[in-house]
Amino acid sequence: MKEPLIEVKREYNLIKTLTGKKFVVSTSIVVVLLIINMIFYGIRIHELAVIRRNSETHISSFNYKGQAQAQNKRVKNTRLFEKCKSKFNNFCIYGECMNIINLDKKFCICNKGYTGNRCDIVSIR
């Protein structure tokens, strides 16, 4: 089994003999480029952090100096329930009759102490 350190030294010596003194120069250039790269991206990361912080605290606004246009649309009925018509006054025994608008179904809102579909049962509670 070969020692890893011996193999690295052999490869280093092989590269050194193949490139001669150029190897030292190219290594220096790589080191300088790495340092420049670290400085550049260090500054960029700081700038990006500032941009992000500003975007999180920025509140956008705009000024509008125009006339509002009239809308000729009918407002849809947004109610779900309405009181029953007078002919259903006696539908709920001890409560108030309500109509589900879209289904035209009746239900009762019982007075305190009563329950059941038509508020006709005395509640035990």
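Cβ atoms are placed via backbone N, Cα and C, with glycine included.
Candidates considered were Cys84, Cys110. The record in Swiss-Prot pairs Cys97 in a disulfide bond with Cys84. With a cut-off of 8 Å between CB atoms and residues at least 6 apart in sequence, the same chain places Cys92, Ile93, Tyr94, Gly95, Cys108, Cys110, Asn111 near Cys119 (disulfide bond), listed in sequence order. Listed in sequence order, Phe91, Cys97, Met98, Asn99, Lys106 are the same-chain residues at least 6 apart in sequence whose CB falls under 8 Å from the CB of Cys84 (disulfide bond).
Other Cβ atoms within 10 Å of the Cβ of Cys108 (disulfide bond) number 21 in total over all chains. Counting every protein chain shown, the number of other Cβ atoms lying within 10 Å of the Cβ of Cys92 (disulfide bond) is 23.
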